[in-house]
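**Student:** After the structure tokens below, expect a handful of questions from me.
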Amino acid sequence: MASGRNVATIPAMGGEAGLNRYLAEIKKFPILAPEEEYMLAKRWTEHQDTEAAAKLVNSHLRLVAKIAMGYRGYGLPTSELISEGNIGLMQGVKKFEPERGFRLATYAMWWIRASIQEYILRSWSLVKMGTTAAQKKLFFNLRRMKNQIEAFEDGDLRPEDVTKIATDLGVSEEDVVSMNRRMAMGGDTSLNVSLREEGEGQWQDWLVDTDPLQDERVAEAQESKVRHELLLEAMQALNEREKHILTERRLTDEPKTLEELSQVYDVSRERIRQIEVRAFEKLQKALMNLAGERRLLPAG
């Protein structure tokens, strides 16, 4: 456990061929009650009890698998995504502080996702995909944005879709076009691919667990609450005009147009766009700083 990479009780995966068996095995580990989780975490943090740490890890392996499934569209072996997520989980367990009031799942989610995302970036070639903040943001958000605006067509995006994605993510339109073309070359994998050659079961079936995974539901609710609180606090880094423009453009169900806001402030639409982008960048920086201060993000 010292390296964050070795917990002997994790079931062997054996690559893609053994994935079906692995997914069945990890369902056998019980979900921990809050009180038991707290006591195990205390045993680990205070006494370096590796048995307690192993129980914490194993009880959250299903969470790793669930998160890893969400990244299958990048064309990489699911077994490798899960393995990388397990590394992140172990790092999260290693640094978990139960006194802070969060459940382990809430805290570990950040580590699991970070580990998987770094693996994906390495696998897609950092040279090809780029390493700037804007490129990483595009890489992990472009598919989601395309789904939101129903941009399902093959080939290049429509100009209006490019503009919307660039504005919403605070990146250049050129970066959007370039990343969309690069990712289109990377292939995609459907969740409806059969688990076995004879076609019994589909990958998406594993996203639904018949067990009452209250732990995961609570974790998701807690994470949503934490994000909301961080957002409210981070907004204090903006001046009143920036708050209003960013809220009206990105944080409401019916965003105002650049033209509408330009009339409110008696400036050009381009000036409103500049303020919006600057405010969004300031907000992101404030969010990252706050998350780092509260140890909600992996260090480094």
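Including glycine, each Cβ sits where the backbone N, Cα and C put it.
All annotation found in TrEMBL is predicted automatically rather than curated by experts.
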**Student:** Which range, 28-31, 80-83, 140-143, 216-219, does TrEMBL list as motif 'Interaction with polymerase core subunit RpoC'?
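**Tutor:** My reading of TrEMBL: the motif 'Interaction with polymerase core subunit RpoC' range is 80-83.
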**Student:** Looking only at the motif 'Interaction with polymerase core subunit RpoC' (80-83), report the model's average pLDDT.
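**Tutor:** Taking every residue of the motif 'Interaction with polymerase core subunit RpoC' (80-83) together, the mean pLDDT is 91.
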**Student:** Across the region 'Sigma-70 factor domain-2' (56-125), what are the DSSP residue counts per state (helix, strand, coil)?
**Tutor:** 56 helix, 0 strand, 14 coil
